[in-house]
Amino acid sequence: MTISPPERGSDAKSQVEKVDNPATFELFGKPGHFDRALAKGPKTTTWVWNLHANAHDFDAHTSDLQEVSRRIFSAHFGHLAVIFIWLSGAFFHGARFSNYSGWLADPTHVKPSAQQVWAVFGQEVLNGDMGAGFQGIQITSGLFQMWRAWGITSETQLMALAIGALVMAGLMLNAGVFHYHKAAPKLEWFQNVESMLNHHLAGLLGLGSLSWAGHVIHVSAPVTKLMDAIDAGQPLVLNGKTIASAADIPLPHEFFNQDLLAQLYPGFSAGVGAFFSGNWAAYSDFLTFKGGLNPVTGSLWMTDIAHHHVAIAVMFIVAGHMYRTNWGIGHSIKEIHEGQKGDPLLFPATNGHDGLYDFMTNSWHAQLAVNLAIGGSVSIIVAQHMYAMPPYPYQAIDYPTQIGLFTHHIWIGGFLIVGAGAHAAIAMVRDYDPAKHIDNVLDRVLKARDAIISHLNWVCIWLGAHSFGLYIHNDTMRALGRPQDMFSDSAISIQPIFAQWIQNVHAAAAGSTAPNALAGVSEVFNGSVVAVGGKVAAAPMPLGTADFMVHHIHAFTIHVTVLILLKGVLYARSSRLIPDKANLGFRFSCDGPGRGGTCQVSAWDHVFLGLFWMYNSLSIVIFHFSWKMQSDIWGTVNADGSVAHITNGNFAQSAITINGWLRDYLWAQAVQVINSYGSNTAAYGIMFLGAHFVFAFSLMFLFSGRGYWQELIESIVWAHNKLKVAPAIQPRALSIIQGRAVGVAHYLLGGIATTWAFFHAHILVVG
């Protein structure tokens, strides 16, 4: 720790400025008010596109970093308000239009639904039989499972949450207005990183986890224990009364009664005395370390989850006391940065991390890039944990929800990581001052960019040629009727020995790292089959040649995505082709007339290309997950204990050829969506076709040039002039960048909605 004399701590002073900036709606009536050229109003149709492109580009409105910071801060409150309204809608649907109580009573047979279609012109065909006499649309968001884990036992509680979320939305909107128009933080407040770290670590994460642990201990754990006992057919008795249904469970405030809780968890009778006397073992019945899954619900033990949040809280509250603020003790981020000098042999940046502190505290794009990269990676990690360590009751046997949650978190992660590339490039163009980064680590990376990119390119070629080559070989051998010459588990076997070793290590490590645990970290790692209601909740995942092959396709596509994004960042300011790129900005179509071959080279264009490869990459990831789970994990458990998998284990033999992926996965599993008309999944059939159309529409923007459209427009304008109906606003073809933006947006929207319909129609029927 860097300890310094007391005078090094800065004195506390007001970091908020009283401003008189009246909140008015007048500006809403002046489109383009933020830009002098746009404020004059539209002369051509390009105006509306520039309006959309620049409305949120605060850097373009003003160069005052304090003003930009205040706008972003205020917008965050607006964003939170929208989130609370969205949450309120989810709670309201659960309270008003759902079969939540019916699902709670029989979660293994009743399907979750929170929407019923009104019969206006025959749409009621979409209302499927959810069980227990309820007709509706099946939801796959995991909300019911999450609500049960929270301890919600009735629709009345959901309605209270819906109202509470609206109140919170109102508070957030008010805070957003107040902190921009009345009392706005000064720039130094936004740049006070030590205070921010202390508050975010100890406050948001530490006390946030502690308060959630309190909820889990005092509400979730007792409620889920009572619910689990009902579901297991062995209801518990509280105060002499048998708790036979959700309606019998005490309301959350009744659990303030320590004696009531002690009947479920005797550790509560120890009170807080055990905490202060160090007798923490007294709490071991509600702060557990069991490991594995609850056999009744197929989810993590609620008492393990409580223990986890207590531990996280302790860690982060400690972490929130590490940084130097008004007292001269603790870490200084600037000193930590400037203390990093690099390795003279491996990384000879003589000035180490000098200049990075100022870059990260003056460039919000640089800060955002780091946060998006981390946030995106965390989202992808969450996707993996949702099936390997399912946290919510009955989530693991709701296969449509499991595919939905995996796909959702994978795609969110992909978009955030591409966003990281975008904002890193913007930071390089707008905020990077070469004079402040002489021979530091960032400067050295930029100097080595040719070596980095050419090596990464070589890796991509190697991975692509070899991984695709394995498939080409297998397709050729299968086409020629030579299965004995294929790469497969039964012929030329290529086992993923490293992945299998990791599985074994995880399975074995739990015994030494958590000796009192009852089970391992995850059943996926060489565990055992956990069945709930006759369905597989979790099971060991066998890995073989097919997994080895598709994993190297993943490696290839992910490396190409990284190559595109990293090249965009490292060459954002200059390149051999365009040495003065920084002067042209983040997005430009070409380097002016007379410079052939300089189009589509801006940092923006790298983000554009990166989005396609991100989509490519993650489509294969979600297809792999969906097929692997249906083939080797998910299914029904027979009376003799054997498992009948949904696709009968066909992954190992079919996923080793391209034809197998097309025939036994895409085509075989598209049966339900193609044949959905007239059934309750018909909407997915229409969506499947509609999304294909949106995808095809995108190609019109991606495969034709601007000149083509300008010629067409001029011909159409001529016809309008002939009829004397010429528009006052002159029509213009989209610019190259506008056209590519419209194209990629529809490409991704069409692709994602097609996949959504394909997954849902199939798994809702077979899952």
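Each Cβ is built from the backbone N, Cα and C atoms, and glycine gets one as well.
Note that the coordinates shown come from a computational prediction; the quantities given were computed from them, not determined experimentally.
Per Swiss-Prot, the feature transmembrane segment maps to 72-95 (among others); the stated evidence is sequence analysis. Nonlocal intrachain contacts for the transmembrane segment (72-95), taken as residues 6+ away from its ends with a CB within less than 8 angstroms of a stretch CB, comprise 58, 114-115, 141, 143-144, 147, 155-156, 158-159, 161-163, 165-166, 168-170, 172-173, 175-177, 179-180, 185, 190, 364.
Non-local neighbours of the transmembrane segment (158-181) in the same chain are 19, 21-23, 70-71, 73-78, 80-82, 84-85, 87-89, 91-92, 94-96, 98, 100, 147, 152; each lies 6+ residues outside the stretch with a CB under 8 Å from one of its CB atoms. Taken from Swiss-Prot, the feature transmembrane segment covers 158-181 (among others).
Beyond the transmembrane segment (197-221), the same-chain residues lying 6 or more positions past its ends with a Cβ under 8 Å from any Cβ of the stretch are 149-151, 252, 255-256, 261, 264-265, 286-287, 302-303, 305-306, 309-310, 312-317, 319-323, 325, 333. The transmembrane segment annotation in Swiss-Prot covers 197-221 (among others).
Residues 1, 193-195, 197-203, 205-207, 209-210, 212-213, 216-217, 220-221, 286-289, 330-333, 391 of the same chain lie 6 or more positions beyond the ends of the transmembrane segment (305-323) yet place their CB under 8 Å from a CB of it. According to Swiss-Prot, the feature transmembrane segment maps to 305-323 (among others).
Summarising the annotation, Swiss-Prot assigns transmembrane segment to 364-387 (among others) and lists sequence analysis as the type of evidence.
Among the features that Swiss-Prot reports, transmembrane segment is placed at 403-429 (among others), with the record citing sequence analysis.
Same-chain neighbours of the transmembrane segment (451-473): 445, 486-487, 494, 549, 552-553, 555-556, 559-560, 562-563, 566-567, 570-571, 656-658, counting only residues six or more beyond its ends whose CB sits under 8 Å from a CB of the stretch. What Swiss-Prot lists as transmembrane segment is 451-473 (among others), and the listing cites sequence analysis.
The transmembrane segment annotation in Swiss-Prot covers 548-566 (among others) and is backed by sequence analysis. Panel annotation: around the transmembrane segment (548-566), residues 417-418, 420-421, 452-453, 456-457, 459-460, 463-464, 466-468, 470-471, 487, 494-496, 499, 606-607, 609-610, 613-614, 616-617, 620-621, 624, 655-656 of the same chain, lying at least six beyond its termini, place a Cβ under 8 Å from a Cβ of the stretch.
What Swiss-Prot records for C590, C599 is [4Fe-4S] cluster binding site. Of all the Cβ atoms in the protein chains shown, 16 others lie within 10 Å of the Cβ of C590 ([4Fe-4S] cluster binding site).
Long-range contacts of the transmembrane segment (606-627) within its own chain (CB-CB distance under 8 A, at least 6 residues past either end) are made by residues 387, 403, 406-407, 410-411, 414-415, 417-418, 421-422, 425, 550, 553-554, 557-558, 560-561, 564-565, 567-569, 647, 651, 655, 661, 665-666, 669, 740-741, 744, 747-748, 751, 755, 759, 763. Taken from Swiss-Prot, the feature transmembrane segment applies to 606-627 (among others).
What Swiss-Prot records for 681-703 (among others) is transmembrane segment, and it gives sequence analysis as the kind of evidence. Sequence-distant contacts of the transmembrane segment (681-703) (same chain, six or more residues past either end, CB-CB distance under 8 Å): 125-126, 128, 672-675, 734, 739-740, 742-747, 749-754, 756-758, 760-761, 764-765.
In sequence order, G750, T754 are the residues of the chain that are 6 or more apart from H692 (chlorophyll a' binding site) and have a CB within less than 8 Å of its CB. Annotation source Swiss-Prot lists chlorophyll a' binding site at H692, citing sequence analysis.
According to Swiss-Prot, the feature chlorophyll a binding site maps to M700, Y708. The DSSP secondary structure for Y708 (chlorophyll a binding site) is helix. For Y708 (chlorophyll a binding site), applying a Cβ distance below 8 Å and a minimum sequence separation of six or more within one chain yields no residues.
Positions annotated as phylloquinone binding site by Swiss-Prot, on the basis of sequence analysis: W709. Less than 8 angstroms from the CB of W709 (phylloquinone binding site) sit A733, L734, G739, each of them six or more residues away in the same chain.
The transmembrane segment feature in Swiss-Prot is assigned to 741-761 (among others).
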All-chain count of other Cβ atoms within 10 Å of C599 ([4Fe-4S] cluster binding site): 13
Cβ packing number for M700 (chlorophyll a binding site), 10 Å threshold: 13
Three-state secondary structure, which DSSP defines for H692 (chlorophyll a' binding site): helix
Tertiary contacts of the transmembrane segment (403-429), as residues 6+ beyond its ends and Cβ separation under 8 Å: 140-142, 359, 363, 365-366, 368-370, 372-373, 375-380, 382-383, 386-387, 395, 561, 564-566, 568-569, 572-573, 581-582, 585-586, 603-604, 606-607, 610-611, 614-615, 617-618, 621-622, 625-626, 629, 752, 755-756, 759-760, 763, 767
Distance, M700 (chlorophyll a binding site) to C599 ([4Fe-4S] cluster binding site) (CA atoms, angstrom): 19
Euclidean distance between Cα atoms of M700 (chlorophyll a binding site) and C590 ([4Fe-4S] cluster binding site), Å: 21
Collapsed DSSP category at M700 (chlorophyll a binding site): helix
